[in-house]
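> My structure is below; once you've seen it, I'll send some questions.
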Amino acid sequence: MDRQQAKRRAAELRELLNRYGYEYYVLDRPSVPDAEYDRLMQELIAIEKQYPELKTSDSPTQRIGGPPLEAFRKVTHRVPMMSLANAFNEGDLRDFDRRVRQEVGEAAYVCELKIDGLAVSVRYEDGYFVQGATRGDGTTGEDITENLKTIRSLPLRLNEPVSLEARGEAFMPKASFLRLNEERQARGEELFANPRNAAAGSLRQLDPKVAASRQLDLFVYGLANAEELGIESHSAALSYLQSLGFKVNPERRRCATIDEVIAFVNEWKEKRPQLPYEIDGIVIKVDSFAQQRQLGATAKSPRWAIAYKFPAEEVVTTLIGIEVNVGRTGAVTPTAILEPVRVAGTTVQRATLHNEDFIREKDIRIGDAVIIKKAGDIIPEVVGVVVDRRDGDEVPFTMPTHCPECESELVRLDGEVALRCLNPKCPAQLRERLIHFASRSAMNIEGLGEKVVTQLFNAGLVHDVADLYQLTKEQLVGLERMGEKSAANLLAAIEASKQNSLERLLFGLGIRYVGAKAAQLLAEHFETMERLEAATKDELMAVPEIGEKMADSITTYFSQPEAVELLNELRTYGVNMAYKGRKRTAETPASSVLAGKTVVLTGKLASMSRNEAKEQIERLGGRVTGSVSRSTDIVIAGEDAGSKLDKAQQLGIEIWDETRFLQEISREEQ
């Protein structure tokens, strides 16, 4: 066909394919078979290949994925994407309603399912999709336009030539998640923990073709500039978005009272497992925009909305065995082996049993029906036994008397609940020490994870951490899935680790009771490994937060010939043994806003790791703790901050975003 014919046919195909795509991906009512859709798509691809100038921004071929990007650009949100305060029970919801009515009188609410995905912003100009971005810190996100184009339920052109900015949740349906993990397992790749992580990881791929292959979906749940468009309520905004061609979740309800809201919440607590996607709660918003304006917002969240979070999901499965593992300090830990079961979006086959006393107290037996939940929706644990299901075939479990790895006798030290293997040459302990030494919190050797360490250990290439610094490229390329480039990268990472500051090495050595914070304090105080090795118990206890038990452990470690030999080897290989940080002085903390403050970190910081942030806080005289309480002074919230941020808001604790934190660091360094 000539160019004019091609132009007409391309326009026809775009109209057909966009309509068929809307019917399939948004309405879920396809009017043509998949084969016909594919045939028309191939015809359009062929025309656009022959006549590239005929390609338009709303062409369905743009969803296939363009060339890889070098990096994501930063995007400043015109209207901040605020997080929501949380409710965990009916009382919290009634308190929210009481606050709303005290301020604005009677109010209607809109209840929507809280999709467990990634919050995004999508911007249109004259009806055409021009930019999409992640939420980021609420003010600044990342430009993921090309990846969002691959989501077929997101319109590239609206039904009206309107300019707007909509907010939505990109997610991975359960079926897509299962299929993706099956494919990754077949290729020997690491599995995604849950659909939310899979969706977030897919949208942060620099290659849009990867995102296109992941079969993501998107529900739009809000309009940033609704009032500019003359829309007066949230429910009207959702209807308008739907009329423009957006996919809006039909499972929503306008409620006149808080009792109706609670009924909706309870309804979806029961119906949640039936959905083809994961939800983790219900979002409740005041419907009237006028009332929303009257209610206003705090620094982080609107006062006119709240997110009800479902309680941690509990499921019942069968305990088919108990496996005993040996950690790097010799502690022997029992782990439940379970019939695979879905819990909070992931398939669980293993769960912690803590120790022998826990098993005895719960009377947990092999063959029992056990109750599983995820602590914090992350770590699977056995919380109880369904005794009524016992049929007499269950077998009580007895902890072994000897190490499952080296056959050494296990002992229980005074005051401890764990059994321990005291053999310093135990293969399991050596392997776990290597994994710990290379970990991100310690020497941070990129590419040296558990699988590679196990291969190195099993091949006899390493027996202790000093052996890592003798590895050669020839040795590494002989390992499974280790090519020349990977070997070169790993050797470069090992070489780079030699320059780490003393606190990382000290933590990496795995001295009992010496965590990352204690390592930081010791390194800062003694400045060199030589001074630390020579320190007496009293000198160690003079360091803030170093108690008698830790001091005893440190002096015992440095008195062992094996430890002395290891440190001498590391020195020979050029591993740094000095503190590189800025030594704290009396003046330093006094000048800082963080001096003497108790600080909690939550969420992901774009500019530094969690440990680096912790180091900066401690350098400025602050103290980092892991949980929010009334004694917390400041919470520093990064991207995807969770329950800690919510609790801080409820307690009225000062909250910093990453920009505020960086400003304080910069001010102190001037």
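Easy rule for this one: first residue shown is 1, then count along the chain.
The backbone N, Cα and C atoms fix where each Cβ goes, and this holds for glycine too.
Relevant sequence annotations retrieved from Swiss-Prot are reproduced here:
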BINDING   ASP34, ALA35, GLU36, TYR37, ASP38, SER83, LEU84, GLU112, ARG135, GLU169, LYS285, LYS309  NAD(+) binding site
ACT_SITE  LYS114  active site, N6-AMP-lysine intermediate
BINDING   CYS403, CYS406, CYS421, CYS426  Zn(2+) binding site
DOMAIN    589-670  domain 'BRCT'
> Per DSSP, what is the residue count of the domain 'BRCT' (589-670) in each of helix, strand and coil?
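Tallying H, G and I as helix, E and B as strand, the rest coil: 34 helix, 18 strand, 30 coil.
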> Most Cβ neighbours within 10 Å: which of the binding-site residues LEU84, CYS406, CYS421, CYS426 is it?
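Per the Cβ count, the most surrounded site is CYS421.
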> Looking only at C-alpha atoms, tell me how far LEU84 (NAD(+) binding site) is from CYS426 (Zn(2+) binding site), rounded to the nearest Å.
50
> Taking the centroid of the Cβ atoms of CYS403, CYS406, CYS421, CYS426 as the Zn(2+) site, which other residues of that chain lie with their Cβ within 8 Å of it, listed in sequence order?
VAL326, GLY330, PRO404, GLU405, GLU407, SER408, LEU410, LEU422, ASN423, PRO427, ALA428, GLN429
> Taking DSSP as the reference, which of helix, strand or coil describes CYS426 (Zn(2+) binding site)?
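Coil, per DSSP.
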> If I take the alpha carbons of CYS403 (Zn(2+) binding site) and ASP38 (NAD(+) binding site), what is the distance between them in whole Å?
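Answer for this pair: 60 Å between alpha carbons.
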> Sort out the sequence-distant neighbours of LYS285 (NAD(+) binding site) for me: same chain, 6+ apart, CB within less than 8 Å of its CB, listed by position.
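Long-range Cβ contacts: TYR109, VAL110, GLU112, HIS234, GLN292, TRP304, ALA305.
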> Can you tell me the three-state DSSP label for CYS421 (Zn(2+) binding site)?
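DSSP assigns CYS421 (Zn(2+) binding site) to strand.
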> For the C-alpha pair, I'd like the distance in angstrom between GLU36 (NAD(+) binding site) and CYS426 (Zn(2+) binding site), rounded off.
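Rounded to a whole number, the Cα-Cα distance is 63 Å.
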> Specify the secondary structure state of GLU36 (NAD(+) binding site) as given by DSSP, simplified to three classes.
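In the DSSP reduction, GLU36 (NAD(+) binding site) maps to helix.
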> Just how many other Cβ atoms lie inside 10 Å of the Cβ on GLU36 (NAD(+) binding site)?
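For GLU36 (NAD(+) binding site), the count of other Cβ atoms within 10 Å is 13.
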> Relative to the Cβ position of LYS114 (active site, N6-AMP-lysine intermediate), how many further Cβ atoms are located within 10 Å?
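Other Cβ atoms within 10 Å of LYS114 (active site, N6-AMP-lysine intermediate): 21.
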> Measuring Cα to Cα, how many angstrom lie between CYS421 (Zn(2+) binding site) and the residue listed as 'active site, N6-AMP-lysine intermediate'?
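So the alpha carbons of CYS421 (Zn(2+) binding site) and the residue listed as 'active site, N6-AMP-lysine intermediate' sit roughly 47 Å from each other.
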> Residues with Cβ closer than 8 Å to the Cβ of ARG135 (NAD(+) binding site), same chain and 6+ apart in sequence?
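Spatial neighbours, sequence-distant, of ARG135 (NAD(+) binding site): MET81, LEU118, ALA119, VAL120, SER121, GLY141, GLU639, ASP640.
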